[in-house]
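Please read the structure below before turning to the comments.
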Amino acid sequence: STMRERKTTDPPHSSTHLSEGMKKLRLKQEVGLISGVSLIAGTMIGSGIFMSPEWVLHHMGNPASSLLIWAACGLLAVFGALSYAELGTIIKESGGEYIYILRIFGSFPAFLFSYTSVILVRPAGLAAVCLSFAEYAVAPFYPGCSSPQVVVKCTAAACILLLTIINCLNVRLATSVMNVFTAAKLLALLVIVVGGLVLLAKGQTQSFQNGFQGTSVSIGAVGVAFYQGLWSYDGWNNLNYVTEELKKPEVTLPRAVMIAIPLVTCLYLLVNVSYLAAMTPSELLSSGAVAVTWGDKVLGSWAWLISLSVALSTFGSSNGTFFSGGRVCYIAAREGHMPDILSMAHVRRLTPSPALMFTSVMSLIMIISGNFTSIVNFFSFIAWLFYGMTISGLLYLKIKKPELPRSYKVPIIIPIIVLMAAVYLVLAPIIDQPQVEILYIIAFIFSGIILYFPLVRFKCHPRFLQTITLHLQLFLEVAPTTKDTN
């Protein structure tokens, strides 16, 4: 990849990296350990833990096996994140799976990942989380009835626009928002945990008697239960998307992972125990929103606090998703896999504002069309397809290139376990219950071939695109950036 430089009037001594009259424009290293933990935990704790428990229980058939699924999902997230931490210390570039696939497997598979992620997966995930936020935010204004879809969609769109402004203004502002909302949602989960411990102390343990009775052993059912649980853990890899913005990434990345994911896993298990202490399995299965039902049973007149907490939680999660999702678009453009304008950063604020705006527009389209539900249902299928490819790349580097410098090494058995889990999660639902939507997703991924060869491989760029890029560059006050590999 090329390193770009920008002419400036600053004196040559303004940086040790400058040549005569030249200065590199790059994103600031604003993300420290606390912000790193907040980015991981804050993105992971979204609407999932407040909504998914009933579906995990539904597919597994009983409380004890559903708790095992939650613990296994947490362990898998830890193993995956530790494997990614080693990749992040070998390839010290932002972009997560995209940059790892690019450096290990080459341009074509990396383009297919960026194409799928930037156009479909990230915007759909962001739209889904923002719609969850909107549902809870407007619910108090429509007591006793469902909220109008127009109001919900307008609120979700307003959420995305607010996130765009926050993230375009300042990286430190975006991380501060993450820190505040992460603290708020941790407090809300602690309230649920303490409430559950009080109920257990009073002897409400009937849900855990004969806990394994009726366990589902179907390969497909277990796979789908994992999908539901892993949706709540999604975000374990978010710090790898912003490696170039980390302070001391070789230290911060592994430490943040080791703090954030075990913390979230413990909270999730305790919250599930609390739900089952307050409700019987049948009550939990019939609940449309588990956390709200728990609030009605345990908090009484203070139950509105749970709805507020879920709204805050989903807003914080959508901020983390937006923060990292925009970086994938930005890095892919910097490597020549997206239009050049998306690889630029604001000359004063040093944020990748064009990439963030593009992610925002794609998410708004998803919200307006409303035809993304089936896409989100198969989010885990696409995610684990590429996670598996990335982990196989790490195994290749460990076996074939052990001499590469790395400040952190994960035992080889851990990425092997993650790769086996990825293969299972991709194949199990297809083998057990094949669905035509999976064919649509695979067809969409490979439709990127139509764009790759003319635009990327042979660089057939219409001349008018350069004019458009120049005008947008002037209008948005952005300039090309260089990589900072620390």
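Just so you know, glycine gets a Cβ as well, placed from its N, Cα and C.
Note that the coordinates shown come from a computational prediction; the quantities given were computed from them, not determined experimentally.
Per TrEMBL, these features apply:
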COMPBIAS  1-10  compositional bias 'Basic and acidic residues'
REGION    1-20  region 'Disordered'
TRANSMEM  31-52  transmembrane segment
TRANSMEM  64-85  transmembrane segment
TRANSMEM  97-118  transmembrane segment
TRANSMEM  154-174  transmembrane segment
TRANSMEM  180-201  transmembrane segment
TRANSMEM  256-278  transmembrane segment
TRANSMEM  298-317  transmembrane segment
TRANSMEM  354-372  transmembrane segment
TRANSMEM  378-397  transmembrane segment
TRANSMEM  409-431  transmembrane segment
TRANSMEM  437-456  transmembrane segment
Inset, instruction - Run the contact check on the transmembrane segment (409-431) against the transmembrane segment (31-52): 3 or more C-beta pairs under 8 Å, excluding pairs closer than 6 in sequence. - result: no
Legend entry - Cβ-Cβ under 8 Å with the transmembrane segment (180-201): same-chain residues at least 6 beyond its ends: 37-38, 41-42, 45, 49, 267, 270-271, 273-275, 277-278, 291, 294, 298-299, 305-306, 309-310, 312-313, 315-316, 319
Legend entry - Most Cβ pairs under 8 Å with the transmembrane segment (64-85), selected from 31-52, 97-118, 154-174, 378-397: 378-397
Inset, instruction - Sort out the residues at least 6 away from either end of the transmembrane segment (378-397), same chain, that have Cβ-Cβ distances under 8 Å to it, and list them. - result: 80, 83-84, 86-87, 90, 97, 100-101, 104-105, 109, 113, 116-117, 120-121, 124-125, 226-227, 230-231, 234, 237, 404, 412, 415-416, 418-419, 421-423, 425-426, 429, 437-438, 441, 445
